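Enquirer: Okay, these came from Swiss-Prot:
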{"type": "DOMAIN", "residues": "30-121", "note": "domain 'Ig-like C2-type 1'"}
{"type": "DOMAIN", "residues": "227-323", "note": "domain 'Ig-like C2-type 3'"}
{"type": "DOMAIN", "residues": "424-545", "note": "domain 'Ig-like C2-type 5'"}
{"type": "DOMAIN", "residues": "552-644", "note": "domain 'Ig-like C2-type 6'"}
{"type": "CARBOHYD", "residues": "Asn48", "note": "N-linked glycosylation site"}
{"type": "CARBOHYD", "residues": "Asn73", "note": "N-linked glycosylation site"}
{"type": "CARBOHYD", "residues": "Asn125", "note": "N-linked glycosylation site"}
{"type": "CARBOHYD", "residues": "Asn247", "note": "N-linked glycosylation site"}
{"type": "CARBOHYD", "residues": "Asn383", "note": "N-linked glycosylation site"}
{"type": "CARBOHYD", "residues": "Asn398", "note": "N-linked glycosylation site"}
{"type": "CARBOHYD", "residues": "Asn409", "note": "N-linked glycosylation site"}
{"type": "CARBOHYD", "residues": "Asn413", "note": "N-linked glycosylation site"}
{"type": "CARBOHYD", "residues": "Asn512", "note": "N-linked glycosylation site"}
{"type": "CARBOHYD", "residues": "Asn543", "note": "N-linked glycosylation site"}
{"type": "CARBOHYD", "residues": "Asn615", "note": "N-linked glycosylation site"}
{"type": "CARBOHYD", "residues": "Asn663", "note": "N-linked glycosylation site"}
{"type": "MOD_RES", "residues": "Tyr1046", "note": "phosphotyrosine"}
{"type": "MOD_RES", "residues": "Tyr1162", "note": "phosphotyrosine"}
{"type": "MOD_RES", "residues": "Tyr1202", "note": "phosphotyrosine"}
{"type": "MOD_RES", "residues": "Tyr1231", "note": "phosphotyrosine"}
{"type": "MOD_RES", "residues": "Tyr1316", "note": "phosphotyrosine"}
{"type": "MOD_RES", "residues": "Tyr1322", "note": "phosphotyrosine"}
{"type": "SIGNAL", "residues": "1-24", "note": "signal peptide"}
{"type": "TOPO_DOM", "residues": "25-749", "note": "topological domain 'Extracellular'"}
{"type": "TOPO_DOM", "residues": "771-1327", "note": "topological domain 'Cytoplasmic'"}
Amino acid sequence: MPRQLLSGTVLLGAAFLLAGSTSGSKLKVPVLSVNGRQHVVQAGQTLNLTCRGEMLHSWSLPEALSKDSKRLNVTKYACGRNGTQFCSTLTLSRTQANDTGRYSCRYPTSPVKKKRESIVYVFINDTSNPFVEMHSDIPKIIHMTVGKEMIIPCRVTAPNIAVTLKKIPRETLIPDGKTIIWDNMRGFRIPEATYRFIGLLSCETTIGGHKYSTKYLTHRETNTIFDIKLSTPRLVKLLKGDSLAINCTVKAAWNTRVQMTWTYPGEAMKRGSVTQRIDQKNREANVFYSILVIDKVRDIDKGQYACHVKSGPSNKLVNTTVIVYDKRFINLKRRRKTMLEAVAGRKSYRLPMKVKAFPSPEVTWLKDGLPAAEKCARYMVKNYSLIIKDVAEEDAGNYTIILSLRQWNLSKNLTVTLKVNVKPQIYENAVSSFPDPNLYLLSSKQVLTCTVYGIPPPKITWMWYPCRQNHSKTRRGFCSRTDGSFNLKTGSNIGNRIQSIIERTAIIEGKNKTASTLVVAEAKSSGIYSCVASNKVGKAERNVSFLVTDVPSGFHISLEKVPIEGENLVLSCSANKFMYKDISWILPRTVTNQTKARKALNKEYSITLTLTIRNVSLAHSGTYTCRARNIFTGKEVLQKKDVSIRAQEAPALLRQLMDQTVNTSNSAMLECQVHGIPEPQITWFKNHEEIQQESGIILGPGSRMLFIERVKEEDEGLYQCIATNLKGSVESTAYVTVQGTVERSNLELITLTCTCVAATLFWLLLTLFIRKLKRPYFSETKTNHYLSIIMDPDEVPLDEQCECLPYDASKWEIARERLKLGKSLGHGAFGKVVQASAFGIKKSPTCRIVAVKMLKEGATASEYKALMTELKILIHIGHHLNIVNLLGACTKNGGPLMVIVEYCKYGNLSNYLKSKRNFFSPTKDPSLQGELMKDKKGIEPVEGKKQRLASVTSSESFASSGFQEDKSLSDAEEDEEDAAELYKLPLTMEDLISYSFQVARGMEFLSSRKCIHRDLAARNILLSENNVVKICDFGLARDIYKNPDYVRKGDARLPLKWMAPESIFDKIYNTKSDVWSYGVLLWEIFSLGASPYPGVQIDEDFCSKLKEGTRMRAPEQATEEIYQIMLDCWRSNPNERPWFSELVKRLGDLLQASVQQEGKDYIPLDTIFTAESGFPPASDPLCNEKFPVPSPNCRSTERARYINTFKIKPPQRIKTFEELPIKEKLVFNDYQADSGMVLASEELKRFTWTGSKQKWTLFGMKGVSRSKESGLSGITKPRSFCSFSCDQLSESKRRYTYGNTVLEKMKACHSPPPDYSSVVHYSQPSI
């Protein structure tokens, strides 16, 4: 910028006077002593410039020339005529190159608006310094803005110097007068700068062969502000006297200059101090900081604090609010009402609280008294709110927020209740998401059920959609929902008459479920029944395709009669019209062109296609197939009929007529026994005259019999029968002689008639009485989980319910000729179990040993239905490794009904454990096992069997039993030898835990299939190959209270020792009652087959103590962990007992710890454990990695124990039964044997939960207990069943007598054979 030199004060007064005198005239521009716009002076010379003007004036000099320079001198004086003008002379001695620039003379003020000045540009010519400013080493920064003018100030010291502009490294910028303009007074001028000029520029010139250059670096300015933020939150809470520090941080682009300022309440009083700094270490942006600090805040400092940032046209601000409190406090209020509601399935739900506190308190949320965040990983505490992720039904409860300032002893808490509403769920939909359409027999009574759960309890509505036929080409006959629907009520006659709609509610698995039962009185119309369950959060719908059929099974071939050659063959193929279409016949190759198939007859419920073949011959025998297409699946379905044409045969006498002598008034009968094809026509003759049927003469069916009532003398004569058909005729004769008189009294006839009438009435009454006695009673717990709360047993019989379960003959039917029945394995009330060899099980070409359940001879129809019901239930349950699985059945006519299940050759677990009492070892002894394995060549070691079982994966659990090792006949013969070898092996703690774990897995599966066992005990656990145990007798549909075959069939009793209290007193059976029984089963296992409650009299006192919480002591071989599991299973409150899934996990952990302590993994169970649970096997490399949370298969075994070397003391709050001391004549009840059947249902009716204080004896006669503990507890060893060896007993043959009953210890010591040694009862509890 040019500098101004003010004039001296000597002439100041005169100047103002003169200015006043000339104010009225126009001033002239000051005049310089040099002419032109530029003037050249050689370097080192003196520059003289004189300015003459009409006013006092001043000089403006180049920026590099200082006014204080000693080389500069300005002289001011009056000049002109009479001194009326002002002159000043500027003298600059020893001029230099940087003195080059603009020199101007101007008036300091002007009476007119327009300024007046005279300018001359002076060049100081210096050949050694051609540029006024030299920047050779460090370039000068030039700020540029794209699109605006930019000056590159490479000014020269002489007007005629040629300058070249270059952009380093190689580009030369040539002035073109437009984009680049050269000005020797200013340098290079660029009117509109672009990105082209960004970079390092150089001005170059050459003088006297020497090259000179000066460099400039262009700098593009921006106004980009990336981010602005404060170090404090939007709301800052402080206590009086606290310090406040707010840091305002700005991120801006490179080449951006920012200006940061603060506005705050104490700004006027300068309450705060501000410090600023810049951080250019960031490669992406410059970071600017402005920090406002107030040492001790007061009330005046509360308010809004704002940080303002400006860069060119860009303006931004960020603010925060500061609140100053006088003291610390907590205020807590609800934002909403006390009862909050959420919907299950919601992704997130917030429990809000209105909190005002200082300072911020510690926040704790409790759910039902326990820390919420620890209780569930889905709970998150954010600020003062609790956020529940993926809301579930179990999230309902009481939530308490606790705010505390422990340092100052301040706290507040508030509780709200969360209700989780659940959309209606229909459990039948869960069982079958896409149910196949059901066929219902015409005029039959049908029951439809809908089991619903929801919160609040849903309203259930039944709708009816009549069928309409969709006449499209591809789905003709398909029954689809119509637009019109009808609301159904009891007594509705729309479509089908509704007999009743009943709703029942029950608590199942802790949920209050409602079941609605729709009873269709008579199936007449096809359509869709829709069960709609709705509440305020949603609705669910279940559609049941109700297709009425007059054809058995919906697709059937009927044959009018067995054809004879020469007759017509008529076959009718009928199919339900809503299920099938495109019916056609497939004929044997031998059938010729005389075949005639009529056009399909479309009836109300079905389509019938009749096939007629006239004048058939033997060649027409064969298989006739009717083909139809299933409308729903699109698959072709075939129905076959084997037709055998019978050849014609001439009549032949099977027996000749015999001469008879008949008394008068008696009756005579002649029978013409002939055979022929076709059936011969029989004609009777007397004395060669044809006999016609008339009063007193009766011709039997087909005229085969001739019956003469009250024979007379004239009936005597020669009787002849002639049998004739197309092939010929045959005859036979006999003479009937009549003797005696006709003098008889009519009293004989009257007496005979009355006797017949009386006998008929007596027989009718006897028949009705017997049928009433055999009428089945039905329980309140049915075969299906859904039926358990649905049907009134008196209203819908069990067999009718189970008729709804399907039986797929193509999958399960096995020809009887493929079975070779063997020895008997057991028997029940009306059935028996036999061993059999089966060929072709699951299409295998080899033989397999199986167990076959069948009825005894003389079984009734109801018993047949019961076994058929069991078959259907077993199919419904499915397959699992640890249950006795169904393999097939024989149901077709022509033989007995047989249910084929897996054969477990080692018998039941109870007998097996008893046989191993003398061979129990806590750990495995490899040397002992090796010795036993050497005794028989070719026997696979136990470890080898486990390795073989490792190939069994859980993927087969629903398709097979887990064992695909079908045996040949030679293998079957070695079963007993293999069983004997198993009895030689010692029993270990690992085996006991393994049995417990497997039973828990099997029960977990059964409970998942909604199956309740109700008689879970060691006698109902069978031992199979590879130490695999299987649960049996779980699929029997029978009510133990109402069925007379079970309750009072001889001395059969209820399994009281294994029953839960709620089952004993209230007859409640569910999964949790099975858990109780499982705890008793654990006691049996770890007592090595002992009878539960040893030495305890099973009477009312026992039941009362059981209700009060008295439990069994720990068995001898149980560890603390095992006994704790038993106590958990025996909790009085069923809801507090663990689920079977929890028991599987706990026992799986114990089993894994047990086997790993021996340095190996349990291969069979580990395989199953890995496939189903997702845990890695212990041999998996993943186990070698460091997991933050240990896997059950990778955990340490340091805490594992095998044997209870000391007496386990139960918790003090658990009372245990004390064993009764043995007295000389102590007699125990006979019903404490291992069969476990005690107390008939009539006696159970006397018990209630409140109990009776009066003690009375349940049994009048007492017998000897066959259990170790009850009969021999005082004289036997703790581990051995016998105090003597079997050899010693055989020599001494000692017998111990109690009362009148003798217990042979020889039998007690003898190991049972590898067979089913217990009775298999069919009359078991239902699921």
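Positions of Cβ are set from backbone N, Cα and C atoms, glycine also.
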Enquirer: Round to the nearest Å and give the CA-to-CA distance linking Asn125 (N-linked glycosylation site) with Asn543 (N-linked glycosylation site).
Expert: 108
Enquirer: Which whole-number value in Å describes the distance between the Cα atoms of Asn663 (N-linked glycosylation site) and Asn615 (N-linked glycosylation site)?
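Expert: Here the two Cα atoms are 50 Å apart.
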Enquirer: Could you give the number of helix, strand and coil residues in the domain 'Ig-like C2-type 6' (552-644) as assigned by DSSP?
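Expert: DSSP classes over the domain 'Ig-like C2-type 6' (552-644) add up to 6 helix, 51 strand, 36 coil.
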Enquirer: Fill in the CA-CA distance, Asn615 (N-linked glycosylation site) to Asn413 (N-linked glycosylation site), as an integer in Å.
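Expert: Checking the Cα atoms of Asn615 (N-linked glycosylation site) and Asn413 (N-linked glycosylation site) gives a distance of 98 Å.
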Enquirer: What average pLDDT does the predicted model assign to the domain 'Ig-like C2-type 1' (30-121)?
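Expert: Across the residues of the domain 'Ig-like C2-type 1' (30-121) the model's pLDDT averages 86 on the 0 to 100 scale.
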Enquirer: I'd like to confirm something. Which of the glycosylation sites, Asn48, Asn398, Asn409, has a Cα closest to the Cα of Asn512 (N-linked glycosylation site)?
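Expert: The smallest Cα gap between Asn512 (N-linked glycosylation site) and any of the glycosylation sites is with Asn398.
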Enquirer: Give me the CA-CA distance between Asn398 (N-linked glycosylation site) and Asn48 (N-linked glycosylation site), in Å, as a whole number.
Expert: 101
Enquirer: Counting other Cβ atoms within 10 Å, pick out the least crowded of the glycosylation sites Asn73, Asn409, Asn512.
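Expert: Candidates: the glycosylation sites Asn73, Asn409, Asn512. Fewest Cβ atoms within 10 Å: Asn409.
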Enquirer: Which residues in the same chain, at least 6 apart in sequence, have a Cβ under 8 Å from the Cβ of Asn383 (N-linked glycosylation site)?
Expert: Val363
Enquirer: So of all those glycosylation sites, Asn48, Asn73, Asn247, Asn543, which one's Cα sits nearest to Asn413 (N-linked glycosylation site)?
Expert: Asn247
Enquirer: Any same-chain residues 6+ apart from Asn247 (N-linked glycosylation site) with CB under 8 Å of its CB? Would you list them in sequence order, or say none?
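Expert: Residues satisfying the criterion: Leu230, Ser231, Tyr289, Ser290, Ile291.
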Enquirer: List the Cα distance (Å, whole number) between Asn543 (N-linked glycosylation site) and Asn409 (N-linked glycosylation site).
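Expert: About 62 Å separates the two Cα atoms.
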Enquirer: Minimum Cβ neighbour count within 10 Å among the glycosylation sites Asn48, Asn125, Asn543: which residue?
Expert: Asn48
Enquirer: Roughly how many Å separate the Cα of Asn73 (N-linked glycosylation site) from that of Asn48 (N-linked glycosylation site), to the nearest whole number?
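Expert: With distance taken Cα to Cα, Asn48 (N-linked glycosylation site) is 10 Å from Asn73 (N-linked glycosylation site).
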Enquirer: Is it possible to list how many residues within the domain 'Ig-like C2-type 1' (30-121) are helical, extended or coil according to DSSP?
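Expert: DSSP classes over the domain 'Ig-like C2-type 1' (30-121) add up to 6 helix, 45 strand, 41 coil.
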Enquirer: Helix, strand, coil: count each for the residues of the domain 'Ig-like C2-type 5' (424-545), based on DSSP.
Expert: 5 helix, 71 strand, 46 coil
